[in-house]
Amino acid sequence: MNKNSSNIMALTPNTSNKRETVCIFGTGDFGRALGHKMIQSGYPVVYGSRSTQISNLIPKDAEVLSHAEAAQKAAIIIIAIQRQHYNFLIPLAEILHGKVLVDISNNLKLNQYPESNAEYLAQLLPGSRVVKAFNTVSAWALQSGTLDASRQVFVCGDDVEAKQMVMNIVRALGLTPLDKGSLLAAQEIENYPLQLFPMWKFPIFLSLGLTAFFFFYCLALDVIYTYIYEKKNFSFFIAITIPNRVCPVMALILLALVYLPGIFAAIIQLYRGTKYRRFPDWLDKWMLCRKQLGLIALAFASLHVVFSLVSPMRAFVSWRTGKGIISQALNNKTEPLNNTNAWISDSYLALGILGFFLFVLLGITSLPSVSNNVNWREFRFVQSKLGYLALILCTAHTLVYGGKWFLSPSAYKWYLPNIYMLSLVVPCAVLVVKFVLIFPCVDRPLTQIRQGWERNPKHSE
Ligand code: NAP
C-alpha cells in the first residue's frame, strides 16, 4: 500500500496536543462533576474556592486554590456558582479581564430575572468574554456517565473565538455543542431546563380528560345500569372490559385529532384566499402538538391490543364460552356456523391489524432518528397519506365492530348512545371533510394558495 507523507503525519502522535488548564470556580455538585469529567478527558483542572482545604469529594489530581490564584492559571474559567453570589467576582475584575467566563447557571423559575444570568455576568465584568454553556447537562448525568438523553450542549456568546474555545471543550468531553448564537439567546437556554414537557401538556391533559369521561360513561352504562335494571354485578368490568373499550375509542379519537387541525387550516386558507395570514393561536398550538397526540394515540392502541390478547384468559370469557357449549349440549343441537358473523369478525380483526400496523409505522417514522433519514416528501407521504389510511382502517375497524349497535334499541341505555358511536363522530367528520377537500375543484385552489397565490392580495398582511 502506498502511504503518502500526510498519512504518515496523521498517524504520528501529536505531542503538542496537551490540553490547556481549565479553572472552575465553586467546588459544589456541578463544579465537582464537571471537573471530574474534564480530568478524565485530559484537562488539568484547578478549582477556585472560598476554602482551599482539599476534601475527599474533590476529584483527585485537581488543585484547589483561592479564586484569584486559580484564575491566573487558566484562560477559561467555569463559574459553577449560583447567580446570587456573582458579586464576589467584582473585586476579581482585573484578573478576569480578557478571560473566557463560562456561565453554566440555571434559575428556579422561568424568566426569573429581567436579563439572563449570562448577560448579568457580562454586565458585571465587561472586560471578560462571557459564554453560556453546560446548563442543560445535569451534575448527576456528568458523574454517572448517563448522558445519552442530554448529549447536546447549547452554547451562546458574543465573542466568536471564546465560543469556539468552549465548544472545543464540549467536544473533547464527548458531548455535542449546538451554537445558539449571541448572548441574547442565553435567556432561552436558561429557560430550557425549567420547561416541563411543554409540547406534551395539551395532549396529556386532553387525553386524561377524555379518558376520565369515557371511563365514567362506560361505568354508568355497563356496570351501574346493569346493576340497577338487571340486578347483575359486573363491577369486575372496571379491570379489563371498560379499559378495553376506552383505549380503542381514545386511540381513534386522538388519531382523528392529529388530522383535524390540518382540515381547519385548509378551510381557513380557502376562506381567506391566502396563506400569508397567521392562523389563530389555538390552531398554531394544536398543529405543533400533533406528533404528541399521535404518540399518545399509539400508546392507547397498543394497550387495546394487549387487553384484547389477554381476553381469552379471563374467567368471564371462559364462563361465557362454557355456558354456550353446555346449552348446545343440553339442547342436543350444534349451532351452525353463521357465515355473516364469521365475515364480520374476520374483517373486523383484519382491519384492526392493518390499522395498528400503519399506526406503528407512523409512530416509528416520527422518531427523530428515523425522520432524519427520510426526505421531506417521504416524511409527508408516511405521515399524511399513510396516516389517513390508518385513520380509514381504524374507523372501519370500529364501524364493523360497533356498527350493529346503531340500530339496536338495547344500545341506548338511558337514551345514551354506545361509546362506539361516540368514538366515530370526530374520525368520520375528518374523513368526510378530507374527502371533499381532495375534489379537484377544491384541491386546485387550495394547492395554488399553498404555492403563494392570493385571491385578493390587498387583504393579505
Ligand atoms: P452547589 O452544590 O450549591 O455549589 C455551589 C458552589 O458555589 C458552592 O459549593 C461554593 O463553592 C460556591 N459558593 C456558594 N456560595 C458562595 C458565595 N457566597 N461566594 C462564592 N462562592 C460561593 O450548587 P451546584 O449544584 O454545583 O450548582 C452550581 C451552579 O451550576 C448553579 O448556578 C446551577 O444552576 C448550575 N447547574 C447545576 C446543575 C446540577 O445538576 N447541579 C446543572 C446545571 C447547572 P466553594 O465552597 O468551593 O466556594
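Numbering starts at 1 and runs along the chain as it is shown here.
Glycine is treated like the rest: Cβ placed from N, Cα and C.
As annotated by TrEMBL, domain 'Pyrroline-5-carboxylate reductase catalytic N-terminal' applies to 21-107.
Within the same chain, residues 197, 235, 237-238, 241-243, 245-246, 249-250, 253-254, 257, 292-293, 296, 300, 413-414, 416, 418-419, 422 sit at least 6 positions outside the transmembrane segment (204-229) and bring their C-beta atoms closer than 8 Å to a C-beta of that stretch. Summarising the annotation, TrEMBL assigns transmembrane segment to 204-229 (among others).
Here the transmembrane segment (249-271) has Cβ contacts under 8 Å with residues 203, 206-207, 210-211, 214, 279, 283, 286-287, 290, 293-294, 296-298, 300-301, 304, 359, 384, 387-388, 390-391, 394-395, 398, 419-420, 422-424, 426-427, 429-430, 433-434, 437, 442, 445-446, 449-450 of the same chain, all six or more residues outside its ends. Under the heading transmembrane segment, TrEMBL lists 249-271 (among others).
With helix defined as DSSP H, G or I and strand as E or B, the domain 'Ferric oxidoreductase' (249-394) counts 122 helix, 0 strand, 24 coil. Marked as domain 'Ferric oxidoreductase' by TrEMBL: 249-394.
Within the same chain, residues 199-200, 202-204, 206-207, 240, 243-244, 247-248, 250-252, 254-255, 257-258, 355-356, 359-360, 362-363, 366, 387, 394 sit at least 6 positions outside the transmembrane segment (292-310) and bring their C-beta atoms closer than 8 Å to a C-beta of that stretch. Among the features that TrEMBL reports, transmembrane segment is placed at 292-310 (among others).
Annotated transmembrane segment per TrEMBL: 347-365 (among others), in sequence order.
Here TrEMBL flags 386-407 (among others) as transmembrane segment. Within its own chain, the transmembrane segment (386-407) is flanked in space by residues 248, 251-252, 255-256, 258-259, 294, 301, 344, 347-348, 351-352, 354-356, 358-359, 361-362, 418, 420-421, 423-424, 427-428, 430-431, 434, which lie at least six positions past its ends and keep a Cβ under 8 Å from the stretch.
Same-chain neighbours of the transmembrane segment (419-442): 214, 217-218, 221, 245-246, 248-249, 252-253, 255-257, 259-260, 263, 266-267, 270, 388, 391-392, 394-395, 398-399, 401-402, 405-406, 411, counting only residues six or more beyond its ends whose CB sits under 8 Å from a CB of the stretch. Summarising the annotation, TrEMBL assigns transmembrane segment to 419-442 (among others).
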Other parts of the chain folded back onto the transmembrane segment (347-365), taken as Cβ under 8 Å at six or more residues beyond its ends: 251, 255, 294-295, 297-298, 301, 305, 371, 374, 379, 382-383, 386-387, 389-390, 393-394, 396-397, 400-401
Helix, strand and coil residues within the domain 'Pyrroline-5-carboxylate reductase catalytic N-terminal' (21-107) as assigned by DSSP: 32 helix, 19 strand, 36 coil
